[in-house]
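Below is one structure; the comments refer to it alone.
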Amino acid sequence: MIEAAPAKVNLYLHCTGRRGDGYHLLDSLVVFAGVGDVLRAAPSKELTLALDGPAAGPLTAEADNLVLRAARLLAQAAGMPAAAALALTKQLPVASGIGGGSADAAAALRALNGLWGLGWAEARLAVLAAQIGADVPVCLMSRPCRMEGIGEILSPAPQIPDCGLVLANPQVALSTPSVFRARNGAFSARAALPGGWPSATAMARDLALLRNDLEAPAMELCPPVAEVLAALRGLPGCLLARMSGSGATCFALLAEPAAATNAARSLPESWWRWGGGFHAVAPGARLTKADRDCVP
Ligand SMILES: C[C@@](CO)(OP(=O)(O)O)[C@H](O)COP(=O)(O)OP(=O)(O)OC[C@H]1O[C@@H](n2ccc(N)nc2=O)[C@H](O)[C@@H]1O
Ligand SMILES: Nc1ncnc2c1ncn2[C@@H]1O[C@H](COP(=O)(O)OP(=O)(O)O)[C@@H](O)[C@H]1O
């Protein structure tokens, strides 16, 4: 079994409120990039995880990889032993606002659902996904979604046009809880979105009226975010530049994937950077009613 774990990008992220337990209520349009980690799962008598890839370094010492947590949770829920040889090729920088760990956990749920012959529906896996992390349900879908609640309420995204996408990270890890803690000020309203956009330019124009409410606190904790945003805004053909999630990765939207690939090459080599298009989803794939009902 081979599963892609594509990077998540929050095109906007409004904090709309706060729950009694401290978690923030969000309104976010989430898309997936054509870059990501790769998870392989093969039969084995025990549960093992091998790590490789350019971004694996910070994870080698961590015992509680989200992939292993996902595997144990699924095995427990299915009433079977957690047994599989997992191999994760880590491309996405760790703790960077593009949900690499969440995407890996979601990929593990999908891969093991297949390897163990469970045949669970996406909505059933989504209940487990939400127990692993707020971003894991949307990563399980790996297709454009509007994300609300603390991340567990998913609905179909507006029709997203083909776009070029550049991602850049200054190679500084940012802890999600610290960024949420540093946020202050009023909450934002839920965004009014159209049914779709005819072009990247039209989408960028509407998105420019929205924001990422975590951008200012992230910049305070990690000043290089401002530098990354300035560099992205200076790219030829940049339609919009903004931070994703709790940072520090920022993205730029361009009209074409090829232009984004070229543009990414011009960014500083000391940064993690990538350019291309969105993660390819099956033509016509849409959230079904079952998907929308996945709130645990
Ligand atoms: C901010 C977002 C936006 O997509 O992305 P990332 O920056 O992580 O990529 C997500 O909401 C992150 O989701 P995830 O990284 O799975 O968060 P979790 O592990 O569940 O929570 C980590 C911590 O972040 C805070 N948190 C998370 C989600 C949320 N809706 N409200 C919060 O306040 C809480 O302090 C929580 O203890
Ligand atoms: N497979 C994994 N990939 C990335 N981080 C992981 C993984 N497993 C556990 N983690 C832990 O989860 C934290 C959040 O990681 P990540 O999902 O990359 O952040 P973000 O959602 O901000 O991009 C990391 O600091 C790391 O300690």
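Using the three backbone atoms N, Cα and C, a Cβ is placed for every residue, glycine included.
What you see is a predicted model, and the numbers here were worked out from it, not measured in a lab.
Sequence annotations record features per position, and here TrEMBL assigns active site to Lys8 (among others). Applying an 8 A CB threshold to same-chain residues 6+ apart, the list for Lys8 (active site) reads Val30, Val31, Phe32, Ala33, Ile98, Gly99, Ser102, Ala103, Asp135, Val138, Cys139, Ser244, Gly245.
Annotation comment: TrEMBL describes Asp135 (among others) as active site.
Using a 10 Å Cβ-Cβ cutoff, Gly101 (ATP binding site) registers 28 neighbours. TrEMBL lists Pro93, Val94, Ala95, Ser96, Gly97, Ile98, Gly99, Gly100, Gly101, Ser102, Ala103 with the feature ATP binding site.
Per-residue confidence over the domain 'GHMP kinase N-terminal' (65-142) averages 97 (mean pLDDT, predicted model). The domain 'GHMP kinase N-terminal' annotation in TrEMBL covers 65-142.
The domain 'GHMP kinase C-terminal' feature in TrEMBL is assigned to 207-270.
Neighbour list (Gly97 (ATP binding site), Cβ cut-off 8 Å, at least 6 residues apart, same chain): Asn10, Leu174, Thr176, Ala218, Met243, Ser244, Gly245, Ser246, Gly247, Ala248, Thr249. Among the recorded positions Pro93, Ala95, Gly99, Gly101, Asp135, the residues whose Cβ sits under 6 Å from any atom of ligand 1 are Gly99, Asp135. By the rule that a residue counts when its Cβ sits under 6 Å from some atom of ligand 2, the recorded positions Lys8, Pro93, Ala103 yield nothing. The secondary structure of Lys8 (active site), as reduced to three states from DSSP, is extended strand. Neighbour density for Gly99 (ATP binding site): within 10 A of its CB lie 32 other CB atoms from the protein chains shown.
Counting only same-chain residues six or more apart in sequence, the Cβ atoms lying under 8 angstroms from the Cβ of Pro93 (ATP binding site) belong to Ala55, Gly100, Asn169, Gln171, Ala173, Thr249, Trp272.
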